[in-house]
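Lifted from TrEMBL, the feature list:
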type: COMPBIAS; residues: 436-450; note: compositional bias 'Low complexity'
type: COMPBIAS; residues: 478-487; note: compositional bias 'Gly residues'
type: REGION; residues: 436-487; note: region 'Disordered'
type: TRANSMEM; residues: 34-53; note: transmembrane segment
type: TRANSMEM; residues: 59-75; note: transmembrane segment
type: TRANSMEM; residues: 82-99; note: transmembrane segment
type: TRANSMEM; residues: 105-124; note: transmembrane segment
type: TRANSMEM; residues: 131-153; note: transmembrane segment
type: TRANSMEM; residues: 165-182; note: transmembrane segment
type: TRANSMEM; residues: 189-205; note: transmembrane segment
type: TRANSMEM; residues: 244-261; note: transmembrane segment
type: TRANSMEM; residues: 323-346; note: transmembrane segment
type: TRANSMEM; residues: 352-372; note: transmembrane segment
type: TRANSMEM; residues: 379-401; note: transmembrane segment
type: TRANSMEM; residues: 407-427; note: transmembrane segment
Amino acid sequence: MKPIWKLYGDGGAPPPGEVVAPGERLSWGRTAGLGAQHVVAMFGATFVFPLMMGLDPNLAIMMSGLATILFLLMVGNRIPSYLGSSASFVGAAALISPGGANPALITGAVCVAGIVLALSGWVIHLLGPKAVLAAFPPAVTGAVVMLIGFNLAPVVADSYWPFDQWIGLATMAFVILATVLLRGFAGRIAILLGLVFGFALSWLTDALAGPAVQPDGTAAPRVDLSAVGEAAWFGLPELHAPQFQLSAVLVALPAVIALIAENAGHVKAVQEMTGDDLDPYMGRAIAADGIATALSSAVGGAPTTTYAENIGVMAATRVYSTAAYYAAALAAILFGLCPKFGALVAATPEGVLGGITVVLYGMIGLLGAKIWVENRVDFGNPVVLVPLAAGLIAGIGGVRLQFTEAFALEGIALGTFITLAGYHLLYRLAPESMRPRPVGPAAEPAEGAGTVLGTGSDAVRAEDAPEQGAPGDPGPEPGEGAGPGRG
């Protein structure tokens, strides 16, 4: 029987100038070590985003491992990627079920969106990757991502911040300073460090100043670890069936646009690093993410997406072996089977979440502007300017379009509809001379959209990239983007 991976050389780290291909592997010890680096890179975002959506972090971690294995199998082990929790649905979740009061309604909407994403992937597989750019040009994709991020502003103001504004302010300040002042790996996990800092500060404040006064006037400790002590070390996460509601589904569907652009961008990034022609696999990769999202949400888990953080690990180590991703996936499944870990995550104080989300939600929105800048979107052209302006104001401003007593469009769904329909309508009505044309990175379908909700750049900062990777050793650092930009 032919082995899945060919051993690279003697199984040691690649020398300068050489890479380990997806179909190769290092020694199993080094492969396990590299898998651990991938786990660290994805870990913070993969449990933070489910927490913000009111979903079970344990289940999200476990399903991310299963989703990664499914993804690798569907792309024939050609595209090394890790599927972690997606930030694209955080805005929709906040609107569908404020405070995570009805997680089944969230997962039902996400499940339908996952099916739509899977179908979109198969269409792209049939029509080719250029179909992505034709349907969702960077101007539209950037606007949708901005809608997703900035619609979350009221969630911070109303749901998290009022519980403990001073802890929130201190946590926010720590994350901002850590992002800028810390270098290397520490700078790239600023959100995770902020979570730890806020947790410790909340515990210390409880000890020195007593319980916090809640918005309803009652007093309660900031940190309550009683559930952690009661939780078992090993057990299955709690599963639940999705609940379907048309209005919730319509709120979640715009995230499909962001996920298509994000997945396509990550495939292009991996293609550039490995030198392999992965365009024929782009549609299959998008479909795989859609199926993984649908399956995860069908049992109560979080939506998934390919992670830029793990692409950064590959850039730093020059090891693109899919074997390392299988190792990371198995480790994630084991983490998900530890209820005590889930109870610890669930005990995160609301004030800490308030400080983190101020930065995180704002950065999600600004990733939309980043797409515009990288693709040199021309706002001097009214074909671009007018539909985007109308869509953003309608979506962020809370405009409501009532069709019947039971059905209305508002928020992200309405803003996306106005932007997408308006852009394509004006594009076809405008004279040839006014039609926007791809410029720079936009000429290559998803390059500009590669970091949509993806925690930063797909490249490693020059000062952080090692000259020679040593997977399995402490030396190599997980890649760019594990910090405040994501899920």
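Keep in mind that glycine also has a Cβ here, set from the backbone N, Cα and C atoms.
Comparing 34-53, 82-99, 379-401 for CB pairs under 8 angstroms to the transmembrane segment (244-261), the maximum falls on 82-99. Note on the transmembrane segment (379-401): residues 139-140, 143, 146-147, 150-151, 372, 408-412, 414-423, 425-427, 430, 434-436 of its chain, located 6 or more positions outside it, place their CB under 8 angstroms from a CB of the stretch. With respect to Cβ pairs under 8 Å, the transmembrane segment (407-427) is most closely packed against 131-153, considering the stretches 82-99, 131-153, 189-205, 323-346. Proximity of distant same-chain residues to the transmembrane segment (82-99), defined by a Cβ-Cβ separation under 8 Å and at least 6 residues beyond the stretch ends, is recorded for 38, 41-42, 45-50, 52-55, 60, 64, 67-68, 71, 105-106, 109-110, 113, 147-149, 151-152, 155, 158-159, 248, 251-252, 254-255, 258-259, 262, 289, 292-293, 302-307, 309-310, 325, 328-329, 360-361, 364, 411-412, 452-453, 486-487.
When each of the listed stretches 105-124, 131-153, 323-346 is scored by C-beta pairs under 8 angstroms to the transmembrane segment (34-53), 323-346 comes out highest.
By the count of Cβ pairs under 8 Å, the stretch nearest in packing to the transmembrane segment (105-124) among 59-75, 131-153, 323-346 is 131-153. A Cβ distance under 8 Å defines the sequence-distant neighbours of the transmembrane segment (59-75), meaning residues of its chain 6+ beyond its ends; these are 42-43, 46-47, 49-50, 81-85, 237-239, 281, 284-285, 287-289, 291-293, 295-296, 299-302, 304, 306, 322, 325-326, 328-333, 335-337, 341-342.
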